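Read through the structure below, which is laid out as structure tokens, and then see the notes.
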Amino acid sequence: MQIVTAQQMKQIDRYTIDELGIPALALMESAGRAVAEEVLDLCRSRRGMAEDGRTGAGTRPDGSLKRGVTSDNPIFEDDLIAPFDGAEREHWLILTGKGNNGGDGLAAARYLQDAGVRVSILCAESPDRFTEEAAVQFEAVRRSGILILETGQNPAAADFTPYTGLVDALLGVGASGEPREPYAGLIKAANGSGLPIVAADVPSGLDADTGQTPEACIRAVRTVCIAFLKAGLVQYPGAEAAGEVKVRAVGIPQLASSRIEERSDTYLITERSLRVTLGIDTSRKRAEDSHKGTYGHVLVVGGSRLMSGAGFMASRAALRIGSGLVTWALPKALLPNIVGHVPELMVAEAAEGDAWRRDSAGTILKLAERMDVLAVGPGLGRFDGDMDWMKELWTGSDVPLVIDADGLNILADAGGALKDWGRRENVVLTPHPGEMGRLLGIPTAELQRDRIGAARKYAAEYGVTLVLKGARTVVASPDGTVFVNTTGHPGMSTGGTGDVLTGAISGLIAQKLSPLQAASFGVYLHGRAGERAAELREHPSSLLAGDVIEAL
Ligand SMILES: NC(=O)C1=CN([C@@H]2O[C@H](COP(=O)(O)OP(=O)(O)OC[C@H]3O[C@@H](n4cnc5c(N)ncnc54)[C@H](O)[C@@H]3O)[C@@H](O)[C@H]2O)[C@H](O)CC1
Ligand SMILES: [K+]
């Protein structure tokens with residue numbers, strides 16, 4: 001599923017209207033219907049009515065009659081824009097702006113009326129300031145006898161008591177900056193009403209590109225996103241403000257996104273995009289005559305006296321996700337502590353004594369000659385000469401590297417010098433926001449304001465695949481393509497899940513996935529495993545990283 005910015009959406013709209021000749025009013029009509037259908041779906045589900053499936057013949061495959069069809073009435077009305085039991089008890093207020101977002105809301109009003117729901121309109125501005133298409137919709141609504149409340153009344157005093165729900169059609173992708181009055185007042189009043197809000201296209205006030213939300217930003221239970229998923233809906237806090245996001249087709253063809261000059265190269269990671277966009281065989285079938293060598297060999301480079309668990313978790317995750325072999329290299333004196341804990345795991349002496357040393361790089365590179373990937377960093381700690389050590393690993397072989405934890409902190413200290421180490425397009429970095437801040441040399445809060453932008457910029461500048469972890473993890477490829485993940489669970493905020501991800505991504509590279517494929521598929525499966533592990537716990541707060549490994 002493609003993700004677009006406001007600017008790209010405007011270009012797509014323009015292409016559809018100007019090049020394909022579909023009038024804006026037609027698109028608005030479709031958008032309005034989509035908004036109305038989602039409002040009705042919400043109403044029905046609140047009244048415990050499962051949707052009877054889409055329009056069409058009045059009977060279901062099993063021969064039973066769909067709702068609204070009786071034996072002597074074989075004609076089936078479209079059950080999405082159709083009265084339902086209790087519709088008469090619904091009274092929705094549509095808050096409309098003066099742009100085409102407002103037009104969507106006005107169009108929705110007519111469909112809601114047809115479904116037997118009472119509808120009223122509250123315009124944020126005088127209708128004589130509406131766009132051309134919104135003005136047409138306004139006139140249609142007025143002539144349909146739908147009540148239009150006087151504009152200009154003090155929005156903060158707006159009395160929402162009579163209503164059962166609100167449609168937010170104030171601002172869409174044409175807005176810029178924080179909402180001005182009276183929009184801001186209306187937004188705050190709507191949020192304060194306690195009523196369920198369905199947002200048209202995006203919650204008003206949301207930065208559609210970054211997901212940043214000003215104080216005056218609609219908090220919706222559902223956002224009916226028109227035609228293409230907006231980036232701000234899949235980055236927090238926007239993802240929270242949007243509620244459940246439904247992307248609805250309105251007759252703007254998907255191909256339009258490849259016909260505009262500012263083409264989107266941002267995608268949602270879904271089962272389908274993993275297969276179609278990333279070309280991954282997600283079935284992961286295994287050939288009958290395969291053997292463990294077929295599935296590669298991971299070398300985990302990490303672990304220290306005080307941190308051995310990280311190495312275990314990365315190693316076990318690599319095994320659990322299907323790597324044929326995993327070897328963990330760590331300082332000699334630490335081996336007795338770990339030998340036998342994970343029988344399936346092999347170990348290797350990486351340094352004399354119980355600590356990492358600068359001169360162990362040669363030993364690691366020797367080991368690397370028969371490895372498919374190195375996972376560098378879990379539990380590594382810092383040591384004298386670690387930057388030169390890392391540089392030697394980076395420049396001394398072309399085996400793919402997955403660098404995490406203190407491996408990232410070493411890179412952060414190297415800063416721009418990293419570029420002198422030579423561009424290697426088979427390195428994956430997996431920073432959490434704090435580590436990303438150190439890599440970029442900026443406050444974490446700053447990069448979190450535009451996670452997609454920050455990840456895309458760093459990946460292109462340093463030629464690495466960058467995995468910026470956090471809710472809605474962002475995977476950025478050196479070529480500018482970005483994938484946003486939506487799997488995962490808050491219960492995963494527990495020590496070690498980062499090491500599990502490092503192991504998972506490494507294990508997939510060992511199984512011949514490219515760095516971008518392994519990073520995208522790895523974050524997807526890691527999040528899915530976290531969801532499954534959380535389901536098995538009485539309370540997600542009790543989730544452990546080890547549970548995620550088992551769920552992989
Ligand atoms: N264009 C199409 O064919 C389709 C558009 N769809 C819907 O239309 C909106 C985009 O409409 P647009 O007219 O460009 O702008 P908005 O409706 O988002 O309105 C913004 C409106 O408000 C003014 N404004 C801008 N910034 C602010 C601010 N900070 N505070 C207050 N007011 C602001 C600005 O002057 C505009 O007039 C899109 O989201 C869809 O919902 C159809 O759905 C599909 C076809
Ligand atoms: K809106």
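Using N, Cα and C of the backbone, Cβ positions are placed for all residues, glycine too.
Copied from TrEMBL, the annotated features are:
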BINDING   100-104, 172-178, Tyr183, Asp201, Ala310, Gly379, His432, Asp499  (6S)-NADPHX binding site
BINDING   Asn101, Asp168, Ser204  K(+) binding site
BINDING   Lys469, Gly470, Ala471, Arg472, Thr473, Gly498  AMP binding site
DOMAIN    9-258  domain 'YjeF N-terminal'
DOMAIN    275-552  domain 'YjeF C-terminal'
REGION    50-69  region 'Disordered'
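Checked against ligand 1, the binding-site residues Asn101, Ser176, Ser204, Gly379, Lys469 give Asn101, Ser176 in sequence order as having a Cβ less than 6 Å away from one of its atoms. Taking a Cβ distance under 6 Å to any atom of ligand 2 as the criterion, the binding-site residues Asn100, Ser176, Gly379, Lys469, Arg472, Gly498 reduce to none. Taking the C-alpha atom of Ser176 ((6S)-NADPHX binding site) as reference, the shortest distance to any of the binding-site residues Asn101, Asp168, Ser204, Gly498 belongs to Ser204.
Here nothing among the binding-site residues Gly379, Lys469, Gly470, Ala471, Thr473, Gly498 falls inside 10 Å of the CA of Ser204 (K(+) binding site). The C-beta environment of Gly470 (AMP binding site), restricted to residues of the same chain at least 6 apart in sequence and closer than 8 Å, consists of Tyr236, His432, Pro433, Gln448, Arg451.
Under the three-state DSSP scheme, Ala471 (AMP binding site) falls in the coil class.
For the binding-site residues shown (Val173, Ala471), fewest C-beta neighbours within 10 angstroms: Ala471. Listed in sequence order, Thr430, Pro431, His432, Pro433, Gly498, Leu501, Val523 are the same-chain residues six or more apart from Lys469 (AMP binding site) with CB atoms under 8 A from its CB. When secondary structure is read from DSSP and collapsed to three states, Gly379 ((6S)-NADPHX binding site) falls in the coil class.
DSSP assigns Ser176 ((6S)-NADPHX binding site) to coil in the three-state reduction, placing it in neither a helix nor a strand. Sequence-distant neighbours of Tyr183 ((6S)-NADPHX binding site): residues of the same chain at least 6 apart with a C-beta under 8 Å from its C-beta are Gly97, Ala124, Leu170, Leu171, Ser204, Gly205, Ala216. Each of the binding-site residues Gly103, Gly379 was scored by how many other Cβ atoms lie within 10 Å of its Cβ, and the smallest score goes to Gly379.
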